[in-house]
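Peer 1: Copying in the features that TrEMBL gives for the protein in this structure:
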DOMAIN    28-167  domain 'Pectinesterase inhibitor'
SIGNAL    1-27  signal peptide
Amino acid sequence: MGSKNLPLIFATIVFFLLLNLPSQTQATVGALVSKVCMQSDSYKSCVQMLISHPQTSAAHTVKQMAQNALELAKKDAIATSNFFTGLASTIPESKSALVQCAAYFKEAVIFLNLKGLEEGSASLDVHYALDQAGYCETALSSARVRVASATDRIQKWKNVFSAAYAAVVTVEN
């Protein structure tokens, strides 16, 4: 191995390092996610939720991350409302409570708005969305509806909500 191969070996090592070291953007996103999730009830769940969505990697500021997280929570609230609507048609004896839950999650979408970020009222607005999930749980409990998939779906939404709420609180602080 002569000195002629030395530049090739050096170039290969540099290329390898460039491909395998985290970029500045990844480090910035990681720092933003960490900062936001410190405000969450469940750091681990928050991190998992935020890094599992491509929108998060596009965020360069906490405000952008909050906007993205609110959009994710809004989409998940719609999906949760649709889930309860579908479930209501398959469990006729629990239809009333399940339809109520669908309506509560549809209403939660209203509170997950970006306007509150501009006005500084987003954390209060977002908290009203969480109230809707509580109303759903009360409706299910009062009607003695015990459906594991419904409980799981509400918990999934609460995890998404928690990350959005943490992001909003971070922006407001």
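Cβ coordinates are placed from backbone N, Cα and C, and glycine is handled just like the others.
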Peer 1: Average the per-residue pLDDT over the domain 'Pectinesterase inhibitor' (28-167) and send me the rounded value.
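Peer 2: Per the prediction, mean pLDDT sits at 91 for the domain 'Pectinesterase inhibitor' (28-167).
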Peer 1: When the domain 'Pectinesterase inhibitor' (28-167) is classified with DSSP, how many of its residues are helical, how many are strand and how many are coil?
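Peer 2: Counts, helix then strand then coil: 118 helix, 0 strand, 22 coil.
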